[in-house]
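Structure first, commentary second.
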């Protein structure tokens with residue numbers, strides 16, 4: 001399986017990031033060895049698509065670590081399936097159909113970062129999934145968003161995925177879409193308010209900003225959570 005830089009959506013991100021295209025149909029047995037990526041035991045029985053996505057995500061992560069002048073190491077997964085980055089690094093990995101991306105930075109005053117790439121939903125899918133993704137109190141704000149941009153639910157869905165990834169290191173618990181509600185937006189970012197206390201670091205009322213960009217097939221979102229003062 002080969003990787004090529006994905007250039008249809010140039011990442012306009014604040015930290016080091018790499019995005020690659022791949023075709024899981026070309027995955028072969030020795031690709032993990034070829035790219036020097038560790039294949040965890042739980043991946044052995046996975047389907048080819050899952051193996052290819054894992055390999056692609058870790059390949060991106062390896063490039064990011066190199067760009068930070070860090071000797072590439074295996075990014076294993078914890079019991080919660082979250083990537084385990086080197087102690088002085090925070091990062092995020094995402095993938096969708098044939099596209100993978102990783103972003104990372106040195107720990108400073110940043111507690112977490114999250115990125116997410118999603119295939120754009122059809123209008124029918126967006127209608128069917130609204131109740132699962134939207135907080136009851138964000139419908140009016142969402143309606144305004146829908147009047148100004150295409151695929152609004154895909155963008156909000158992806159944004160909430162990025163929020164989860166950015167906040168998880170500080171809360172260490174799973175939470176649903178209802179934990180964040182859209183309160184403001186512009187052509188580059190969405191602002192959300194956390195609807196319930198998730199941890200001491202993330203109390204109810206915490207505001208988080210998510211940056212987004214789209215092309216004709218995918219949406220990319222990015223969220224960062226700074227250490228509370």
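Every residue, even glycine, has its Cβ placed from backbone N, Cα and C.
Keep in mind the model is a prediction, meaning the values are calculated, not measured.
Per DSSP, the domain '4'-phosphopantetheinyl transferase N-terminal' (42-104) is made up of 22 helix, 16 strand, 25 coil. Among the features that TrEMBL reports, domain '4'-phosphopantetheinyl transferase N-terminal' is placed at 42-104.
The CoA binding site annotation in TrEMBL covers 50, 58, 94, 95, 116, 161, 165. Around residue 58 (CoA binding site), the C-beta neighbours below 8 angstroms that are at least 6 residues distant in the chain are 37, 38, 74, 75, 93.
TrEMBL lists 112-196 with the feature domain '4'-phosphopantetheinyl transferase'.
Over all protein chains present, the Cβ of residue 117 (Mg(2+) binding site) has 22 other Cβ atoms lying within 10 Å. Positions annotated as Mg(2+) binding site by TrEMBL: 116, 117, 118.
For the binding-site residues 50, 95, 165, the ranking by surrounding Cβ atoms (within 10 Å, all protein chains) places 165 first. The two recorded residues, residue 117 (Mg(2+) binding site) and residue 95 (CoA binding site), have Cα atoms 6 Å apart. With DSSP classes pooled into helix, strand and coil, the tally for the domain '4'-phosphopantetheinyl transferase' (112-196) is 45 helix, 20 strand, 20 coil.
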